[in-house]
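Visitor: Provided herewith is a single structure, encoded as structure tokens, for subsequent inquiry.
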Amino acid sequence: MACFKSAIVLFFLVTLVGSSSAQLTTGFYSKSCPKLYQTVKSVVNSAIQKETRMGASLLRLFFHDCFVNGCDGSLFLDDTSTFTGEKRAQPNFNSARGFEVIDNIKSAVEKVCLGVVSCADILAVTARDSVVILGGPNWDVKLGRRDARTASQGAANNSIPTPTSNLNRLISSFTAVGLSTKDMVALSGAHTIGQARCTSFRGRIYNETKNMDASLARTRQNNCPRASGSGDNNLAPLDLQTPTRFDNHYFINLVNKKGLLHSDQQLFNGGSVDSIVKSYSNNPSSFISDFVTAMIKMGDIRPLTGSNGEIRKNCRRIN
């Protein structure tokens, strides 16, 4: 009888642990939502065809979500009279974009499998598809995340690296979420696509003459006045050469002092990661391989699984 009771207790303990700390898997929705991938990609493709920049914006959402208490969809939650989300945190306010696309993807997925797929997982697949559509690598996305019931504006302000970060700050920010220095450099290569606002690079183009290509600085000054408040939202491509194609030109730019953001050029400025940047600039396949590894690793940051969190009906609010 004692053995029987012990077995029952052990069964419930194993069941409890399994329900709250299940592992992410690539085939998580193979039976419950077999049309997930084609549904997501169709909407992502339409959004990028409409505006190429959107691919980079969607990829960036994944970074900004995962860096704040893990990949849990907390970034999507709107503020309410009793709740403060992450959208108005300094790294996101007037900067993070693409939320309407996520809404459209969620609606499309709900039509093919109601109440099954989390917003956090939708974002993970969307980030991968954005890279692929813009000419980058493909990989199998691990799924099984659930959505957070809360968010943290303070954590967003403190955890997401800023465009003015120095190398030590970048390394420490990535280390804090379990990513290595090599992961940090590889993931920074996402800046091979997308655009930045004048407010993000104004200080660099006017003040950093020693490690910035003079011609690029002059070009950017034409569309980004020195005075704060003037042209703040004017855009410039992060990668001057191939701004809408996912490749290794970002690293070639850094070697030639053509990084647009201060934080970009910090990766090639006589510091500890110069050799990694140089390697990626010469060997695109090395960059691609390390980028995929780092993206999968980033997707593993503190997911809610099993019975934790929820499957939101609307990505902007908890159920």
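The backbone N, Cα and C atoms fix where each Cβ goes, and this holds for glycine too.
TrEMBL: automatically predicted annotations, no manual curation.
According to TrEMBL, the protein has these features:
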type	residues	note
ACT_SITE	H64	active site, proton acceptor
DISULFID	C33-C113	disulfide bond
DISULFID	C66-C71	disulfide bond
DISULFID	C119-C315	disulfide bond
DISULFID	C198-C224	disulfide bond
SIGNAL	1-22	signal peptide
SITE	R60	site 'Transition state stabilizer'
Visitor: Using a Cβ cut-off under 8 Å and a sequence separation of 6 or more, which residues in the same chain sit near the residue listed as 'active site, proton acceptor'?
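Guide: Once residues fewer than 6 apart are set aside, the residue listed as 'active site, proton acceptor' is near L75, E86, P91, N92, A96, A156, I160.
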Visitor: Which has the fewest other CB atoms in a 10 Å radius around its CB: C66, C224, the listed disulfide-bonded residues?
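Guide: Checked C66, C224; of these disulfide-bonded residues, fewest Cβ neighbours within 10 Å: C224.
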Visitor: Across all protein chains in the structure, which of the disulfide-bonded residues C33, C71, C198, C315 has the highest Cβ count within 10 Å?
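Guide: When each Cβ's neighbours within 10 Å are tallied, C71 tops the list.
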Visitor: Near C113 (disulfide bond), which residues of its chain come within a Cβ-Cβ distance under 8 Å, counting only those 6 or more away in sequence?
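Guide: Sequence-distant Cβ neighbours: Y29, S32, C33, K35, L36.
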Visitor: Using a 10 Å cut-off, grab the number of neighbouring Cβ atoms around the Cβ of R60 (site 'Transition state stabilizer'), all chains included.
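Guide: If we count other Cβ atoms within 10 Å of R60 (site 'Transition state stabilizer'), we arrive at 22.
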Visitor: Rounded to a whole number, how many Å is the Cα of C315 (disulfide bond) away from the Cα of C71 (disulfide bond)?
Guide: 14
Visitor: Whole-number Å distance between the CA of C66 (disulfide bond) and the CA of R60 (site 'Transition state stabilizer')?
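Guide: C66 (disulfide bond) to R60 (site 'Transition state stabilizer'), Cα-Cα distance: 10 Å.
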Visitor: Of R60, C71, C119, which recorded positions are close to C224 (disulfide bond), meaning a Cα within 10 Å of its Cα?
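Guide: None, since no candidate lies within 10 Å.
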Visitor: Please tell me which one of the recorded positions listed here (R60, C119, C198) sits closest to C71 (disulfide bond), measuring Cα to Cα?
Guide: C119
